[in-house]
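Student: Pulled the feature table from TrEMBL, pasting it below:
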DOMAIN    4-220  domain 'Orotidine 5'-phosphate decarboxylase'
BINDING   ASP10, LYS32, 59-68, THR115, ARG175, GLN184, 204-205  substrate binding site
ACT_SITE  ASP59  active site, for OMPdecase activity
ACT_SITE  LYS61  active site, proton donor
ACT_SITE  LYS61  active site, for OMPdecase activity
ACT_SITE  ASP64  active site, for OMPdecase activity
Amino acid sequence: MRSPIYVAIDTPELDRARSIAERVRNHVGGIKLGLEFFSANGRAGVREMADLGLPIFLDLKLHDIPNTVGKAIQALRPLKPAILTVHAAGGRAMMEDAKAAAPTGTKVVAVTVLTSLDGSDLSSIGLAAEPQPQVERLTALARDAGLDGVVCSGNEVAAAKAAWPDGFFVVPGVRPAESGHGDQKRVMTPRQALDNGASILVVGRPITQAADPDTAARAIEATL
Ligand SMILES: O=C(O)c1cc(=O)[nH]c(=O)n1[C@@H]1O[C@H](COP(=O)(O)O)[C@@H](O)[C@H]1O
């Protein structure tokens, strides 16, 4: 079975991205490319990474009016990514247009509450401090809009899955026990996140910043 780990290769440097991907390829199920990589390398860079043969998760977290998000996804169609992200807070019509514009076979998943936010951050933007009800509300909205799944932390994934048993659940903010949290606030170990119902795990710096990314990816895989 393919590893549930998607390695988040967050770098603007194409050569470095390719080198990390080549080193970890036997211990991950796919590659996640986000805003940092895409802003520097664009669609051509994504194509080069796709040539390595692993599924591509294109994480652009689109969040705009429905027409703009739909047209942006149309422009991405030739890349045929395995997974694409939008922000659930963009609303139901935006998510519907996102799904309608995506290629067949691309999973469109909605980010609920970023894993970098804790209760006090949520209060500061006018939301209730408890993340779980917000994750549950946005998960139901994403399901009703016809998306394929959501992104949430390992703390909320069990509740989200209870509301959407056949949804696809992406869990970032994953940290092996001995790893630093960096800017992540709602974190969980890879094993626990899988046990709670994650479909895939997004792991970035614990692998990409390790002295030996291959060994780090292998060590995480061994805990699953
Ligand atoms: O959509 C995401 O992948 C995402 C959502 C979220 O709530 N939190 C989050 O960290 N991510 C992404 O997951 C990756 C986490 O990276 P590390 O913190 O280095 O493991 C980054 O590429 C983030 O953009």
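Every residue, even glycine, has its Cβ placed from backbone N, Cα and C.
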Student: Out of ASP10, ASP59, GLY204, which has the highest number of nearby Cβ atoms, where nearby means within 10 Å of its Cβ, if these are the recorded positions?
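Tutor: Neighbour-count leader: ASP59.
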Student: Compute the C-alpha separation of LYS61 (active site, proton donor) from THR115 (substrate binding site), stating it in Å without decimals.
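Tutor: About 13 Å separates the two Cα atoms.
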Student: Roughly how many Å separate the Cα of PRO66 (substrate binding site) from that of ASP59 (active site, for OMPdecase activity), to the nearest whole number?
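Tutor: Between the alpha carbons of PRO66 (substrate binding site) and ASP59 (active site, for OMPdecase activity) there are 18 Å.
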Student: So how many other Cβ atoms are close to HIS63 (substrate binding site), meaning within 10 Å of its Cβ?
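Tutor: So the Cβ neighbour count for HIS63 (substrate binding site) comes to 17.
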Student: Using the alpha carbons only, what distance in Å do you get between ASP64 (active site, for OMPdecase activity) and ASP10 (substrate binding site) once rounded?
Tutor: 23
Student: Output: those recorded positions from LEU60, HIS63, ASP64, PRO66 whose CB lies less than 6 Å from an atom of ligand 1, in sequence order; none if no residue fits.
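Tutor: Cβ under 6 Å from ligand 1: none.
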